[in-house]
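Copied from TrEMBL, the annotated features are:
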{"type": "ACT_SITE", "residues": "Y247", "note": "active site"}
{"type": "ACT_SITE", "residues": "H255", "note": "active site"}
{"type": "ACT_SITE", "residues": "K287", "note": "active site"}
{"type": "COMPBIAS", "residues": "111-122", "note": "compositional bias 'Polar residues'"}
{"type": "DOMAIN", "residues": "7-74", "note": "domain 'TSEN34 N-terminal'"}
{"type": "DOMAIN", "residues": "220-300", "note": "domain 'tRNA intron endonuclease catalytic'"}
{"type": "REGION", "residues": "105-169", "note": "region 'Disordered'"}
Amino acid sequence: MALPILLRVSNFRAYVWDVDDINTLRSHHRICGILTGTLPHLSSQNVFLGLPLQLMPEEVVLLVENGIAVLADDPSAHHSPSPSLLKLWQEERLSDARQQIALTEEKESIEASNANRAMSESAQRKRKEREERRAHATVNTAPNIPMDDSPSPPPISENPSRLAVEESPDRAVVMPSAPYTVHVPASSSRLAWYAPHSHLYSSIEAGIWKYPSTLQERARCGVFRSLWEQGFYMGVGIRFGGEYLVYPGDPLRYHSHFVASVIEAPGAALRPMEIVAHGRLGTGTKKAHLLCEWNDETKVVSYFSVEWAGFG
């Protein structure tokens, strides 16, 4: 039996940080969520996003109630690291930085030794002129620093990648001064002081989760579950004037057929102007608008679809 998927909860929002868990949710449980993380070295950050995957509250309730996932109190799972663990983590960062700098120096030395092979005499002359102009501009723009009696800073090593592991008075590891890339892990699972399994909850009634707490929220959860049990995929529908976009299959392969709006009770008010607006907007976007009425007593959903008939 597969282990439950960890939904890491922070500030009453649930996130999935594991790529395999995201694949399982989408391919086996028809749960898509929304990617909210940024990707390094990618310019179109509004189009292509990465980890973590943020889930809608209705998706969280469905997964936990069905035993597919459990809630993890993420802030409490991050314990205070001991000095020895913190020093070990800093030394790993230093080792990674040194390795990066060593590889960069090796690459630069190879490029410097072969720089003139593929360049013509004219290109070499232009390159030399650019370097001279750059050096001249650097000298002219250097700020004039007044002399004072303060002690001069210690000399910087010419090869930071070969620095020994130095320690400051507070025993902290000193990082190299040469440029290097800082790798930020996508998940805290690699941290020795991160222990989510001691802060797991298999019920949405845990103190770290408060949804649903109102009639409207219960109606949204009931409608979402009803559509999900019929085999549909759901996405956020706010751009089309509803709560959900309803897809017949994976949203990467299909267009949505319905825009679903939730009516929290049979006696809830619904103005004729809203019906007209939903019908025309849905037809204009090639979708039918689905009015989903929730009965909190019988736990049953009634559906009414609205389309513009094309006359008048």
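Backbone N, Cα and C atoms are what each Cβ position is placed from, and that goes for glycine too.
Bear in mind that TrEMBL entries carry predicted annotations, made automatically and left uncurated.
Per DSSP, the domain 'tRNA intron endonuclease catalytic' (220-300) is made up of 26 helix, 23 strand, 32 coil. Counted within 10 Å of its Cβ, the other Cβ atoms near H255 (active site) come to 12, all protein chains included. Under DSSP, residues within the domain 'TSEN34 N-terminal' (7-74) fall into helix, strand and coil as 21 helix, 22 strand, 25 coil.
The domain 'TSEN34 N-terminal' (7-74) scores a mean pLDDT of 90 in the predicted structure.
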